[in-house]
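A quick write-up on the structure given underneath.
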Amino acid sequence: MEEEKIQIEEKTTTVVEEISESKPKFGKRGRNALLIDLAIWIAMTAYFVAFVSLGSGKQGFGAGVVAYVFISLRLLARHVSVSQVVYKPLGSVASSAGGAAGRVVSEKYRAPVIGVVAFILIAATSLLSKTTADNSIGYRIQSLLGIVVILVAMTLLSHDRKNIPWYTVSTGLLIQYFIALIVLKTQWGFDLFNYISRFLANFLGFSHTGAVFIFGDFDNDNFAKSVFPAIVFFCSFIYIVYYWGGMQYIVAKMGWFFVRAMDTSGAESVVACASPFIGQGENALLVAPFVEFMTRSEIHSIMTSGFATIAGSVLIYYLTIVPNQSTILTCCIMSIPAGLLLSKMRYPETEESLSKGDVKVPESNHKDANFLHAASNGSAVGMQLVILIGGGLLAIISLYNCVDFVVGWLFAMINVFEYTTGKQQEISIAFLLSYVFAPVAWLVGMPGGEARLAGKLMATKMIINEFAAYKDLYDAIKAGTFSQRTVDLLSFALCGFANIGSIGIQIGALGAIAPSRSADFAELAVSAMLTGTVATWMTACVAGALM
């Protein structure tokens, strides 16, 4: 076992690690590489000067500025040790702050204090903020109660209550609060996320041109023709970004934050941060050499992260449905800490993690020849996802309707019908489950009169999948069935891959990466799926308390 661990260390490249004094601050690459990158930056800056002078106020100006800053920093990081220049000073500041906090609050009481502070902040913001008809104090109290119920329930259902890492739980809740606060309570935060959401929708919309070339002009209401091309396009783009090192860089930096803030392991933090970009199954490829040696708690965590959020490849479908597009993007980010903290409550760590305290993204065994090769491989992966999603939808919806017919027939044979719409209808699975999920919808913060119908959509999401649930939400929005608060909270609560069909996808994908752990994947899958579902509910509760 020790030899295998040593081998796995040799196969990995440390992206963010504890600072080594021997690591040079400057001159990481040779002189030729420096001159080439400097020439690229000078040419790019010359254009940027003209861009700022003549393009200010035009559409896409903000995106251009962000791209320039990101590329400049990436070029700088190729020659300057960011870990030495940035992370070491930040680490010193954090250590000093932690030491000061430790002198005020002992380590024994630190987690409870952070948890209490987090809940007080959520409650204070909730109760003291301006109210509206849709967002009254009563509805916000429902959401606050939902947070408490979820935390209590997860504690009672924990696999090992004695080892629940309350520091991880407390800081995770605090991070969720700050993300929701920025988006829902500050104009600049709302504008930023709204701008990013519109940008992503427009960006993914470029897939329409390729689809028109193949299929001819078509109506965007056609699910397959509007969603599947976007999946192929996004996967191709992500593989290009991965080829140039951008994806590893972004995910590693996000992972570094969660490792330091929530005390989670490097591998599970990287997977959690990658999930909103590349989705379930694919997210674990970023730490593939570690998967075989992961603890059961880490396996549960990475599976939960995949279930708790959606992937960028299907983002366009949801952005075209919900009126407030920023809710989808906000939920994706908030579900990162939600998935981690709830997974650690459900299945606490009791073993030694190989990546504890480190964020490592292994080098891929397969290297694309160039960016065109990467784009081609990405499109191939996209087509595989299209087949999986399309085939899964076809099979599950067909099977569901078959069983639904049988259920309705059985009740009809004994003259039992439902009359919720004012006319006689056969009993359906969704109708029965709507009463099961209605209390959950109420605890999330939805009006009592809409809770049953909202619960019906939440049941559809778990039994069939999120595509079908969002389609029903779209129909409900057009029919004016729900208030704006319910629409917004459902946008949060439905935003995840946690459904029965996804269990097979994750078991298959992870089993291909680490066949020796297939039994663990199968044993933990249902628990992880349910935990991922609860993570989206908790995200909705936090958002509902602040709306």
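Each position is counted from 1, following the chain as shown.
In case you wondered, yes, glycine gets a Cβ from its N, Cα and C as well.
Where the annotation comes from TrEMBL, it is an automatic prediction and has not been curated.
Pulled from TrEMBL:
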type     : residues : note
DOMAIN   : 145-217  : domain 'Concentrative nucleoside transporter N-terminal'
DOMAIN   : 225-322  : domain 'Nucleoside transporter/FeoB GTPase Gate'
DOMAIN   : 328-544  : domain 'Concentrative nucleoside transporter C-terminal'
TRANSMEM : 33-54    : transmembrane segment
TRANSMEM : 60-77    : transmembrane segment
TRANSMEM : 111-129  : transmembrane segment
TRANSMEM : 141-158  : transmembrane segment
TRANSMEM : 164-184  : transmembrane segment
TRANSMEM : 196-215  : transmembrane segment
TRANSMEM : 227-245  : transmembrane segment
TRANSMEM : 302-320  : transmembrane segment
TRANSMEM : 385-412  : transmembrane segment
TRANSMEM : 427-446  : transmembrane segment
TRANSMEM : 489-513  : transmembrane segment
TRANSMEM : 525-546  : transmembrane segment
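Contact between the transmembrane segment (60-77) and the transmembrane segment (33-54) is present: at least three CB pairs lie under 8 Å, with pairs separated by 6 or more positions in sequence. Here the transmembrane segment (141-158) has long-range neighbours at 119, 122-123, 126-127, 164, 169, 173, 342, 345-348, 442-446, 531, 534, 537-538, 540-545, meaning same-chain residues at least 6 beyond its ends whose C-beta is under 8 angstroms from one of its own. For the transmembrane segment (196-215), the most Cβ-contacting stretch among 164-184, 302-320, 427-446, 489-513, 525-546 is 302-320 (pairs under 8 Å). Below 8 angstroms of C-beta separation, residues 74, 204-208, 210-211, 277-278, 312-317, 368, 370-371, 373-379, 381-383, 385-386, 389-390, 467 of the same chain, each at least six residues beyond the ends of the transmembrane segment (227-245), sit close to that stretch.
Within the same chain, residues 139-140, 142-143, 145-146, 149-150, 400, 403-404, 407-408, 411-412, 416-418, 420, 452-456, 458-460, 463, 485-486, 489-490, 493, 537, 540-541, 544-545, 547 sit at least 6 positions outside the transmembrane segment (427-446) and bring their C-beta atoms closer than 8 Å to a C-beta of that stretch. Proximity of distant same-chain residues to the transmembrane segment (489-513), defined by a Cβ-Cβ separation under 8 Å and at least 6 residues beyond the stretch ends, is recorded for 279-282, 284-285, 288, 291-292, 299, 302-303, 306-311, 318, 322, 324, 327-328, 330-332, 334-335, 388, 392, 396, 441, 444-446, 454, 457-458, 461-466, 469-470, 473, 482, 521-522, 525-526, 528-530, 532-533, 535-537, 539-540, 543-544, 547.
Packing against the transmembrane segment (164-184) from elsewhere in the chain are residues 110-112, 114-115, 117-119, 121-122, 125, 147, 151, 155, 158, 190, 193, 261-264, 326, 330, 333-334, 337-338, 340-341, 344-345, 348-349, 538-539, 542-543, 546-547: each is 6 or more residues past its ends and has a CB under 8 Å from a CB in it. Distant neighbours of the transmembrane segment (525-546): 122-123, 125-126, 129, 139-140, 142-144, 146-147, 150, 153-154, 173, 176-177, 180-181, 184-185, 300, 303-308, 327, 330-331, 334-335, 338-339, 342-343, 346-347, 440, 443-446, 462, 485, 488-490, 492-500, 502-503, 506-507; these residues of the same chain sit at least 6 beyond its ends, with a Cβ under 8 Å from one of its Cβ atoms.
Within the model, the domain 'Concentrative nucleoside transporter C-terminal' (328-544) shows a mean pLDDT value of 87, rounded to a whole number.
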